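**Q** Taken from Swiss-Prot, the feature site 'Transition state stabilizer' covers ARG17, LYS24. The site 'Positions MEP for the nucleophilic attack' annotation in Swiss-Prot covers ARG150, LYS206.
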Amino acid sequence: MARSIIAVLPAAGVGSRMQADKPKQYLTLLGKTLLEHTLDVMLSYPAVSKIILAVSKDDPYISTLSLDPKIQLVEGGTTRAESVLNGLNAIAEKNAWVLVHDAARPCLQHADIDKLLAIEDKQGAILAIPVTDTIKRADNQQCIVKTEDRSQLWQAMTPQFFPVDILRDALSTGIQQGANITDEASAIELAGFRPHLVAGRSDNLKVTRPEDLALAEFYLTRNKL
């Protein structure tokens, strides 16, 4: 049976580090919100059959967007993990795999999705880039304790690609155990799996701080040329 590919976008966060008057996914670049740019990437990728968007119960902005019929809304949770799990629980398709992608990561390119979908190992895979900067470990006083060996360190990105049933079980168990689940792969790791690292691109940035907006606008403009 062929795999069905479904995208889940957790978009219930408030993005406090942006210091903006609205959640960062609703900030506007080039005439569209960050969320719309991100949705456009998934909507235009032929293999993605459906997009599940997890938004806050009291989100006042989502109703202002014109959403494609392929997009299904679900209520987000209080954490990213809960939002993703709510999205997974809305998937009834058999043999489904999920691409979990950050709503505020609008510069993703289809070529990177191609590389993820080439992975058939049920341990799954994530986009990531090797760490190139020197990494320092700090103490509670923000003083350097040691310099880490970066030779085997990677910076995790999204999308993260897993079989729906495996990720659903891993997230559910992790949440019940009170685990610190910072991305989907961390839940998969706790379940005993070893996801593949697929080399991505540094321009697939997550808009987190105000200075990221100009860089995202540059990449989006370049990608449309």
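A Cβ is built for glycine as well, from the same backbone N, Cα and C atoms used for every other residue.
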**Q** Give the distance between the Cα atoms of LYS24 (site 'Transition state stabilizer') and LYS206 (site 'Positions MEP for the nucleophilic attack'), rounded to the nearest whole Å.
**A** 10
**Q** Indicate the candidate from LYS24, ARG150, LYS206 with the smallest number of other Cβ atoms within 10 Å of its Cβ, considering only these recorded sites.
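**A** It is ARG150 that, of the recorded sites LYS24, ARG150, LYS206, has the fewest other Cβ atoms within 10 Å.
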**Q** Looking only at C-alpha atoms, tell me how far LYS206 (site 'Positions MEP for the nucleophilic attack') is from ARG150 (site 'Positions MEP for the nucleophilic attack'), rounded to the nearest Å.
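**A** Cα-Cα distance, LYS206 (site 'Positions MEP for the nucleophilic attack') to ARG150 (site 'Positions MEP for the nucleophilic attack'): 21 Å.
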